[in-house]
Amino acid sequence: MESAIDTHLKCPRTLSRRVPEEYQPPFPMWVARADEQLQQVVMGYLGVQYRGEAQREAALQAMRHIVSSFSLPDGPQTHDLTHHTDSSGFDNLMVVGYWKDPAAHCRWLRSAEVNDWWTSQDRLGEGLGYFREISAPRAEQFETLYAFQDNLPGVGAVMDSTSGEIEEHGYWGSMRDRFPISQTDWMKPTNELQVVAGDPAKGGRVVIMGHDNIALIRSGQDWADAEAEERSLYLDEILPTLQDGMDFLRDNGQPLGCYSNRFVRNIDLDGNFLDVSYNIGHWRSLEKLERWAESHPTHLRIFVTFFRVAAGLKKLRLYHEVSVSDAKSQVFEYINCHPHTGMLRDAVVAPT
């Protein structure tokens, strides 16, 4: 049994774990491993917003343009494509890329092809919305958890290997305990989301400044290779409960500290649905996320269902990744998006 925290990220604890040293988890789970070379990763959520069937093809073309830009020098190591409908009834396509080298991501973002497209006046007149939500956590600022050991999705795809069975799971507080930084840091938030350019109510170009320790969770489900019994388990038992919880956070998450919640379905380049989905949630802090997870009936139902089936999973692939990041390592930029998109809803106007 291994610790979720890799050897080179271990340090003397000043903050204790939630369980005693002799704790034994009830079923096996694994985490992604990377060597000491990995100092920081970049998680880029690049969105296209549209409304209704009339704009769908133009939105797909814009999504495909973003994907093609990933083939430029310094593009991401892995990416995926998703669709979701938000709380305001808008459709959103997201291209999600992961870089294991922040300098490469910076070069890509500043390249003429990428920068000129984003800053072009054409973006303002196409009838589509665009957004960039980028977080770059350091190695000690994120954790992963998988119920399987191969072909890891998301940030796991830029890591080097999979751990052996790990200790820190199956109890409330285990998410925090898997963060290397949790050994010495409570990961408390600073400040508020602030509008630093533009006006969300007017649309156009808007830039939001984040704050330290925004928590970002991606929690995924892959039933593409599952056989009939597991497909039924997911579609009939897990999904309805999951959908209820995720819709609740999408529509009612603000008082709980949830800035944005999107339950997305993976798609191909033509917009066809795949049998893969995940939830992506931005929270004011890890503590706010924990409080909801440990106490709200919608998540408790999800947790109980997972506990009941976890030990018997064969081809149904369930996982999550959670990170916090520094304000200086975040980008939140929007073009023509409605004012409840992403970080726009909860951002306050910066004092002048």
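Numbering starts at 1 and runs along the chain as it is shown here.
Glycine residues also receive a Cβ, built from the backbone N, Cα and C atoms like all the rest.
Counting only residues at least six positions away in the same chain, the Cβ atoms of Thr144, Leu145, Ile217, Arg218, Ser219, Gly220 sit under 8 Å from the Cβ of His320 (active site). If you look up Swiss-Prot, you'll see His320 marked as active site, on the strength of a curator's inference.
Residues or ranges marked as aliphatic aldoxime binding site in Swiss-Prot (evidence: similarity to another entry): Ser219, His320. DSSP classifies Ser219 (aliphatic aldoxime binding site) as strand under the three-state reduction.
Per Swiss-Prot, the feature heme b binding site maps to His299. Secondary structure at His299 (heme b binding site), as computed by DSSP, is helix. In the shown protein chains, 19 other C-beta atoms lie within 10 A of the C-beta of His299 (heme b binding site).
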